[in-house]
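Accompanying notes for the structure given below.
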Amino acid sequence: MARLAPDGAQFDARQYDSKMNDLLAADGKDFFTSYDEVYDSFDAMGLQENLLRGIYAYGFEKPSAIQQRGIVPFCKGLDVIQQAQSGTGKTATFCSGILQQLDYGLVQCQALVLAPTRELAQQIEKVMRALGDYLGVKVHACVGGTSVREDQRILAAGVHVIVGTPGRVFDMLRRQSLRPDYLRMFVLDEADEMLSRGFKDQIYDIFQMLPTKVQVGVFSATMPPEALDITRKFMNKPVRILVKRDELTLEGIKQFYVNVDKEEWKLETLCDLYETLAITQSVIFVNTRRKVDWLTDKMRTRDHTVSATHGDMDQNTRDIIMREFRSGSSRVLITTDLLARGIDVQQVSLVINYDLPTQPENYLHRIGRSGRFGRKGVAINFVTTDDERMLFDIQKFYNVIIEELPSNVADLL
């Protein structure tokens, strides 16, 4: 097992104590700068082509409010404080900002992301890897409860990004397994949660071991005094972006889930539903444009009359399809999140999330269709084993309970 660095090596306890005293005595830059630019599409943000490919492949079509405001300043290298509820797309915001700036020819740790829990760190790692799939990003989660030796082996082989919990990351820094020489970006995710768990000292410990010039991003649902202390100590003229949660409601909409276990069982489940229920009009949401086309084809080969619309179609075609759907000449519409906010059909009695949304905030915009104008509606969510975490996050985000679909669902429509 690797030992801690001896006296005289890179980790110098006396120098550490001296730097920590300087840090705690410093008052930092206690002011914010404003940043008002809003980008309505990912294409307008000036991102690398292969990053855009990863974003679209992951299922994002239109940036959320925090992404519209927060990705570009991070990409520009500015220190940022982004305050928004969990589930609004913060993770993809800083992941995109990091992925845009990495030097992929240099296989050294250039970005460090701290998260309060092992589960969140592993979730961030998964998103980072997915968005950076076409860029060849090397990312690793350093968290407690896993093999220290395995962490050391992976770090020695080289990574671009480390995501981790404060305890394990500090341990890796102390052991010199994680060398901060090339580190340019430092992100604190769910900063308020991290501070409430007592990680303040460890965050300070880690920060003062990083290079002097490092870009800092702080992401948090709330901004308690301790979080503001961090911004004062570590950040230079940070851009502050505040996004409030949508003031929409799920009232009057009955929400259920169907445990389909595996992705390949969704189609049979969907067809069974349409054969047993008398549905006036319904909307089916999937996460990618390609899947819209695939599902439309599958439904039509089984003699279901469906319409489909997504962002690759020109506006004129989309308008014609929507007119047909509103008039009732087509009863089933298959679409993506991009169009969720524009479907204002009163007669829609059922929304089916064939895929759960990639961000909890989009759930509201999808199923809100069926409850507009005081009409009641039903939302049915198809849930695979991999979706269970997202279903939990959605229930927590909206403070709702989504029950398993009962056998008498026909009586509810």
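Every residue, even glycine, has its Cβ placed from backbone N, Cα and C.
Fair warning: this is a prediction, and the values are worked out from it, not measured in the lab.
Cross-referencing 177-180, 189-192, 341-344 with Swiss-Prot places the feature motif 'DEAD box' at 189-192. In Swiss-Prot, the feature motif 'Q motif' is placed on 40-68, out of the ranges 11-39, 40-68, 243-271, 272-300. For Lys90 (ATP binding site), the same-chain residues lying six or more positions away in sequence with a CB closer than 8 A to its CB are Ile66, Gly70, Gln82, Ala84, Asp189, Phe219. Residues within less than 8 Å, Cβ to Cβ, of Gly89 (ATP binding site) and separated from it by at least 6 positions along the same chain comprise Pro63, Ser64, Ala65, Ile66, Gln67, Gln359, Glu361.
For the motif 'DEAD box' (189-192), DSSP puts the residue distribution at 2 helix, 1 strand, 1 coil.
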